[in-house]
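Here is what TrEMBL says about this protein:
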type	residues	note
COMPBIAS	15-26	compositional bias 'Pro residues'
MOTIF	61-65	motif 'GXSXG'
ACT_SITE	S63	active site, nucleophile
TRANSMEM	145-164	transmembrane segment
TRANSMEM	170-195	transmembrane segment
ACT_SITE	D406	active site, proton acceptor
COMPBIAS	436-448	compositional bias 'Basic and acidic residues'
COMPBIAS	613-625	compositional bias 'Basic and acidic residues'
Amino acid sequence: MSEPQTESRSATNGAPPPAPGPPGPPLECDLVMKGGITSGVVYPLAVTELSRVYRLRSVGGASAGAIAAAAAACAELGRTSGGFEKLTALPRLLTETVAPGRSRLFTLFAPQPRMRRLFGLVTAGLGTSGRARGRAMAVAALRAWLPRAALGAAPGLLLVVLGFVLGGAGAWACLVAGLLLAVVGLVAGTAWGALRDVADLPEVGFGLSSGATPPGARTPALTPWLHETFQDLAGRTVDDPPVTFGDLETVGVRLQLMTTNLTRRQPLTMPLADDDYWWEPAHFRTLFPAAVVDRMEHADPTPRTPLDRDDWVRAVDRLRAGGQEPRLLPFPAPADLPVVVAVRMSLSFPGLIAAVPLHAYDEQRVVNRTCRERTLARYDADPGCAPEDALADLPPREAVVNWFSDGGICANLPLHFFDAAIPRRPTFAINLAEFPPDRPKSPDERANSDLPADDEQVPRRQTVWEGSGLGLLLTFFGSIVETARTWVDEAQLAMPGYRDRIVTVLHDETEGGLNLDMPESVVLALSQRGAGAAGLLVERYAGDQPGVVPAAGWDSHRWLRFRTAGAAFSDVLASFRAGYETVLPGTTPYSRWVGIDADGRPADAPLPSYPVEGERRDAVNRRTEGLLGTAEEWRRDPADAFTHGAPEPRPQMRLVPSDRAGQPPGPR
């Protein structure tokens with residue numbers, strides 16, 4: 001039906017019919033990117049390189065990888081309006097000088113007014129190391145806290161003056177003692193000033209920068225810049241509605257980002273599946289552009305009428321929270337959540353970028369539990385009562401702040417995103433790591449990335465035990481923290497079926513990380529390195545004729561994943577059957593609850609909890625019997641049909657907590 005409409009318009013205005021749009025890429029892929037603050041400049045050209053051959057279906061990341069993932073998803077949303085071409089321009093855009101001696105990349109991390117002195121100390125001597133960096137930081141500290149430093153040095157200086165006034169034999173003693181006291185006082189006064197500023201960090205969200213543009217700044221800081229960039233990549237203006245996760249879903253793009261709830265000590269996936277979080281509009285207006293907060297305020301769904309019990313309680317909670325101080329609203333459902341909010345909640349590098357507060361009602365607290373019981377009793381007594389009329393009879397609830405910090409705290413490279421036992425399309429990952437000590441940087445940027453072969457063992461990253469004394473002690477404790485934080489990521493890097501689809505982009509200590517003031521040459525080199533890394537993936541997994549001739553690398557990967565999944569499933573089946581058949585003293589046999597006995601009678605004993613009834617119980621009995629039959633078949637010789645010669649190291653298939661709390665994981 002579109003062709004007659006096109007012809008009619010053309011006949012009216014005399015213009016030729018529009019040319020058909022460019023054909024889409026022949027293949028599809030998923031992509032996960034690692035966090036790394038400014039190392040994220042690796043990603044724009046890498047994503048663009050992949051987009052020439054692959055349509056991005058699922059994209060994920062943590063921290064700076066979350067920025068890259070959201071930018072890639074928005075570019076896919078705006079593919080037909082030049083989204084990926086705009087993405088290609090980002091590295092050079094970030095190197096533009098927008099303030100005296102400062103690049104756009106540096107100004108994105110503009111400090112909060114109360115944190116300017118600390119920010120100046122942290123960023124002093126960027127691009128230098130060793131003694132040069134120490135001298136720069138010392139000078140910056142003295143400038144920042146000069147009044148307190150002078151106050152600390154004053155007693156020593158007075159003693160020096162006193163020595164000159166008194167003269168005689170005691171003058172030199174006063175001079176030496178006074179100078180020593182002045183130096184100690186200078187250091188103590190400076191440290192006192194710095195510590196007082198550090199003590200203010202909790203009041204500003206535990207970060208030097210909030211991501212919002214500070215008063216008087218001429219260029220946008222991180223969050224408004226991200227909002228503008230995502231809108232542009234998606235083919236929108238800042239006056240258009242902010243891009244939401246629901247908008248991405250309309251073109252078949254799934255975006256998932258890691259964040260960390262420090263209050264509950266829990267890694268979570270954005271968008272949040274839980275519906276028990278609340279947000280404070282007044283505080284969010286200090287963190288996000290007005291258009292983003294306005295969109296969130298209008299995202300609260302109107303409950304259907306008449307209200308059932310759960311809807312009625314939810315309506316009462318919403319009215320109560322919205323009428324108290326601070327005013328709270330339910331956190332938007334995934335489809336209604338602006339992408340930039342999720343990115344900001346993933347990118348909260350501890351100490352540098354402030355954490356984002358949400359609120360929740362802890363039902364374990366007596367006041368909240370009592371309130372919930374009275375609310376339910378009020379509904380049961382009068383189901384027709386309007387929620388507004390019930391508020392006067394009900395006590396208030398007490399919310400607890402839930403601080404959300406960097407997604408990289410628990411999973412900096414969330415490889416489990418979009419994973420499947422047998423993949424339908426490749427899930428690529430881009431890792432970041434420093435050059436090994438014995439590997440020099442190559443002038444060929446493509447050679448500065450590694451993509452292991454299918455059967456290549458990947459060496460684990462190791463701590464280098466160098467130095468002595470305090471330095472070695474710091475290395476020891478730093479290694480403890482890194483092991484606790486990254487052991488899952490590091491283990492997955494070496495797993496068969498993972499390692500062969502993870503390309504590692506190498507960098508040195510002057511590239512990426514907290515180097516906020518990298519010169520243009522370094523930024524552009526890193527971005528070209530990312531393009532080369534993506535090229536390695538395309539070569540192996542797409543081949544010379546993408547979408548026409550199966551690529552050897554993709555076929556090999558799929559078979560490898562089948563072997564690893566089969567071996568793991570073999571172990572699970574054996575464990576399942578052993579657990580089902582083993583009956584210890586004082587234990588009810590599983591066969592009384594589920595299954596079918598030798599005479600064909602289905603199990604019908606009362607279930608202790610989580611009942612399964614009617615046709616569902618019949619289905620559970622039949623399927624349990626079928627699963628036991630499959631386990632028996634897999635136990636017959638050769639019992640090691642799937643496990644013999646399976647890729648090493650062998651992965652395990654086991655039940656683990658979901659990072660999508662409140663929502664069961666579905667098929668990938």
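Note: Cβ is positioned from N, Cα and C throughout, glycine not excepted.
When Cβ atoms from all protein chains are considered, those within 10 Å of D406 (active site, proton acceptor) total 28, not counting its own. In the motif 'GXSXG' (61-65), helix, strand and coil residues by DSSP number 2 helix, 2 strand, 1 coil. Non-local neighbours of the transmembrane segment (170-195) in the same chain are 117-118, 121, 141-142, 144-145, 147-164; each lies 6+ residues outside the stretch with a CB under 8 Å from one of its CB atoms.
Put simply, the residue listed as 'active site, nucleophile' is 6 Å from D406 (active site, proton acceptor) when counted between their Cα atoms.
Here the compositional bias 'Basic and acidic residues' (613-625) is broken down by DSSP into helix, strand and coil counts: 12 helix, 0 strand, 1 coil. Cβ neighbour count for S63 (active site, nucleophile) (all protein chains, 10 Å cutoff from its Cβ): 31. The DSSP breakdown of the compositional bias 'Basic and acidic residues' (436-448) into helical (H, G, I), extended (E, B) and coil residues amounts to 4 helix, 0 strand, 9 coil. Mean per-residue pLDDT, taken over the motif 'GXSXG' (61-65), amounts to 93.
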